[in-house]
Ligand code: GLN
């Protein structure tokens, strides 16, 4: 077996940045010429995060193959620039689901089905699936969600304990990320929580090889020696993950610590010297913008930035590509109405309406879009944002006053956004009669679909190609019965499914930049390759600021 495994566990408390640490280590190993993949194991019982409230869980990240996954997979893709898939994320719920299905089928031949070995075997199989086939990576990093000591995490920890024995020490490495708080009053770092956390790991048979300490400021050498001594690791195997202002700095900081080098040595990886030029350039560009644009994000989950993680990152990437800092103004759509739109968006260079579900706040989004359309403010609508742009146009330009989405008003005479009755089977990719059951699961269009781009449009200018692939996560579609009516009034359908059956992008001419897309482009944006639509949206915002400054100076 060629793949080497790195297991990353977390101690003391959650939100220490395990996902970013795993992604940054992966990126560093990549720059050393190794192929890397990362898998997230989530101990919760939901089969996947698709049904979870973004308030609690943050964004649902969608892969090309249509898996609804943890937002850490977004970090993995952004840092590694390799597509993740269904293989890269699982949960306790999914593991149990498989084991119970096997039990019902009689696969266990009458045996008693238990956590050990049946659940742990299922977990091990999921981990080992990464090294199957001829595409097996050199390194697979496995991030275990949650914190050591959580009851629900135990089967995962037991599985990695067993794997290390089975695969051998040269092929597996345990990294434990903990918090080392700095007590200002005492003027020193405190190692006790780390000691306790490692003790907890040891009690279940896992000896960490490397301790990665999340800390406010770098930990002095003598303190590191103390941690090494108490935690049974090499003196040079205690590293710091210091707080940084920009998350794309983490790989550089890790490199300065010698973290990836130690990993390469311990795993006997055939690694060449790291080449960090592109990361250095990225961090430099982030720190040296030549201007600033302010973008309003009009949505429902504005209090929780995690709910729009990829979107937020995609805007930063687009800022880097345009050499501007992107300042985000989160606007709660429930507070927007025709009377206050002008004040609300005063000073904004662009308005973005992201994806979402449910009626709450939709009328405010429509008002925000009307404001953008009528005042030539660059506008970008994503998924629900595109659907709202269609509704707004139908109501206020085409005069269909009760235009709506079937999601919000099933009784409207003008359901410009609707559930297709001729349902497209998204698994077989065929049009067929839809079973209109009440179960919402499985009726979403998920994952990557091709989209044909109409020449001489904003979309064509952005992509510079005729065919693209983008990721979807929605239930409703543009209603083709209204295509001609809206086209007559000037709406352009600049992105279509290859057989013309589905509208994927709409835009307006005679406006600096007004584009809505049914898919989620934010999932495919990378720090070093901004997504073309985001890039052009920010560019339009930049032109608007420049224009405003010009007027002010004149
Ligand atoms: N609620 C809309 C739908 O289901 C949009 C979903 C989204 O924005 N992701 O089609």
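Just so you know, glycine gets a Cβ as well, placed from its N, Cα and C.
As written in TrEMBL, here are the features:
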type: REGION; residues: 1-269; note: region 'Amidoligase domain'
type: BINDING; residues: 14, 190, 191, 192, 193, 194, 195, 226; note: UTP binding site
type: BINDING; residues: 14, 150, 151, 152, 190, 191, 192, 193, 194, 195, 226; note: CTP binding site
type: BINDING; residues: 15, 16, 17, 18, 19, 20, 72, 244; note: ATP binding site
type: BINDING; residues: 72, 143; note: Mg(2+) binding site
type: DOMAIN; residues: 305-539; note: domain 'Glutamine amidotransferase'
type: BINDING; residues: 356, 384, 385, 386, 387, 407, 475; note: L-glutamine binding site
type: ACT_SITE; residues: 383; note: active site, nucleophile
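Taking the features listed in TrEMBL, we show where each one sits on the structure.
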residue : record                   : CB count, 10 Å
14      : UTP binding site         : 10
19      : ATP binding site         : 23
143     : Mg(2+) binding site      : 29
151     : CTP binding site         : 8
195     : UTP binding site         : 17
226     : UTP binding site         : 17
244     : ATP binding site         : 14
384     : L-glutamine binding site : 26
386     : L-glutamine binding site : 28
387     : L-glutamine binding site : 30
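When the alpha carbons of residue 387 (L-glutamine binding site) and residue 14 (UTP binding site) are compared, the span between them is 36 angstrom. Taking each Cβ in turn and tallying the other Cβ atoms within 10 Å, the top scorer among the binding-site residues 18, 190, 192, 475 is 18. Of all the binding-site residues listed here (17, 19, 20, 386, 475), 17 has the Cα closest to the Cα of residue 190 (UTP binding site). Cβ neighbour count for residue 20 (ATP binding site) (all protein chains, 10 Å cutoff from its Cβ): 20. Close to ligand 1, meaning a Cβ under 6 Å from one of its atoms, is not one of the binding-site residues 18, 143, 191. Between residue 193 (UTP binding site) and residue 384 (L-glutamine binding site), the C-alpha separation comes to 45 Å. The most densely surrounded of the binding-site residues 72, 407 is 72 (count of other Cβ atoms within 10 A of its Cβ). Taken residue by residue with DSSP, residue 192 (UTP binding site) is part of a helix. Counting other C-beta atoms within 10 Å of each candidate's C-beta, the recorded positions 16, 383 are led by 383. Looking only at Cα atoms, residue 386 (L-glutamine binding site) sits nearest to 19 among the binding-site residues 16, 19, 143. Here the CA atom of residue 143 (Mg(2+) binding site) lies 7 Å from the CA atom of residue 19 (ATP binding site).
In this structure, 193 is the one among the binding-site residues 193, 356 with the smallest number of other Cβ atoms inside 10 Å of its Cβ. When the neighbouring Cβ atoms lying within 10 Å are counted for each of the binding-site residues (17, 385), the highest count belongs to 385. Listed in sequence order, the residues 355, 357, 383, 388, 405, 417, 474, 476 complete the 8 Å Cβ shell around the L-glutamine site centroid, once 356, 384, 385, 386, 387, 407, 475 themselves are left out. Not a single one of the recorded positions 15, 17, 194, 383 has a C-alpha within 10 angstroms of the C-alpha of residue 143 (Mg(2+) binding site).
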